[in-house]
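In TrEMBL this protein carries:
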DOMAIN    1-55  domain 'Fibronectin type-III'
DOMAIN    57-149  domain 'Fibronectin type-III'
DOMAIN    153-227  domain 'Ig-like'
DOMAIN    249-286  domain 'Ig-like'
DOMAIN    273-368  domain 'Fibronectin type-III'
DOMAIN    372-457  domain 'Ig-like'
DOMAIN    468-563  domain 'Fibronectin type-III'
DOMAIN    565-658  domain 'Fibronectin type-III'
């Protein structure tokens, strides 16, 4: 039974304008007449009426591509749909300044390729949105020349200031550059102007608009200039990234290297120290001097030596040794740290003390380095729990010479803006006031000086509402229904997640509707969706402190549509004329059963895709290919609603018979080597061979001396 609401009781004419109606809501109306004897019977509408109008004009109309016989346009949805769903978009075309417009195409999406155009023709285009009420105002673009546009290849280095990338030794080098160009450029990488090839440590990855190179476990030798080469046969451009590897300095110093003085000569202390950033060179406060006897002993036996020193700034010499040093080596100790000292040595014989030999350069006396050490009270916990709005204080005492550099960092993020760090030579304190769930996480204090590195990590838990849930995915998309799944929040607010709230809305609406307010699992089956209508969904996690932030979808989903593209298309084998392909089924079937797959191929450099055939299985043998030719492959899924977007191979493939070289020899193999010469030392290495040739050599064995076993006599 319908429940009616009185709009007016004072209408004196046979027309009335009803206002305040909600868009796209169906209404029934009824009218009754009234005279001096009362209200008469009502007259009702037999069908519901919606308050609708034509949609607004599409926005942001642009040309995204052009070939010699087509133009591709793209736009965004109107700000409002007029109260009813947009059923399609109409694209019209005309030759420039021709007053007559012709239908170019229709599309249910916000992009369309208008085909059948003549090369070098100047065209205008306009786009209408259409709903059940009619067409919107148009948005127009033009004039556009129909032609193959050439865009020089370009790569963006915006993420690499000054074209540099610094990586610590042991971490991965990852360079990822967005690129563009038409025709699509061929991509290659150089390292120090030499071709960089893929290997176990080096991996390449390229998508439609990005290319990346990754070097796993960087070492010093991986530093240098990495160059991206983009070549589209019209222009070849080069883009350089200078990679710097950072690591602890290394020093080359012989343990028995000492300061050696010959009377009347000077000796230089030196060592080779390398590393990035440039290390600070230090010497220790115990200085060891060593010298040789004078060439001329004055005609008498040398009985010893005297060693003098002075502060370099004072030039006031005084004797270091209390007794004559009878050796040609002496260690001066007890020097003031930080001071510069000079030394001189003189020989003594029966006639007295000879002329002193002065060390040419002063030496700085410094404390011996000690690596950083952390001093923490046994009662100090490494996990700290604080309520929302509270303050957490992490105080760490440490020691080391020289005083370590103390650095606080947050794992998987940056230090909060509200964080305050106070550091002295022996203590560092991190204070965070007004904590929220965003301040929860792991915090690390790193200590580093010239002698080593030390770190400690603390966990901070903030009792708050949860963060947004993770990625939303869909399964089992059918007509009017779908299954929605999501990941738990990375931050649970320090409390167990009780349940989730799931909301939905039509993409053209702003108001959310509840789907479930007590979803206890990370998935839900949603039914009763309108066919062909795009929906947005959001999920909110709830714990004992309340509702957290929602995770909202950015792109709508339709509960019946073309399937998603197949996943992971691989070329599993090739011969001199065929390629064997395999793929995985799409993420969702669009609401109707997958009817089959369409496989296409094209030669590299060509724009023409050739249909190889259709299949209902998830693999196919493509035949009739040309040997030693490079091909690209792609596959589309098909259901009752249409054909999916294509899924392509990761890279092009050369058609040829595979030639498999042997691997290194197996450990189980053995061989007895005869006719060796007794007493000589030998090393051995092994190759494998098949019809394709020799493998690489194995690593050489350790040196072995050819001897008879104990107790056996040498064969005569």
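Cβ atoms here come from the backbone N, Cα and C positions, even for glycine.
Small disclaimer: the values here were computed from a predicted structure and weren't measured.
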Under 8 Å, at least three CB pairs between the domain 'Ig-like' (153-227) and the domain 'Fibronectin type-III' (468-563) (pairs 6 or more apart)?
-> no
Please check if the domain 'Fibronectin type-III' (57-149) comes into contact with the domain 'Ig-like' (372-457), where contact means 3 or more CB pairs closer than 8 Å and the residues in each pair are separated by 6 or more positions.
-> no
Across the whole of the domain 'Fibronectin type-III' (1-55), what does the mean pLDDT come to? Round it, please.
-> 81
Hey, would you say the domain 'Ig-like' (372-457) packs against the domain 'Fibronectin type-III' (468-563), going by three or more CB pairs under 8 A that are 6+ residues apart?
-> yes
What are the DSSP helix/strand/coil residue counts across the domain 'Fibronectin type-III' (57-149)?
-> 0 helix, 51 strand, 42 coil
By DSSP, how many residues in the domain 'Fibronectin type-III' (273-368) are helix, how many strand, and how many coil?
-> 0 helix, 41 strand, 55 coil
Helix, strand and coil totals (DSSP H, G, I; E, B; other) for the domain 'Fibronectin type-III' (468-563) = 0 helix, 51 strand, 45 coil
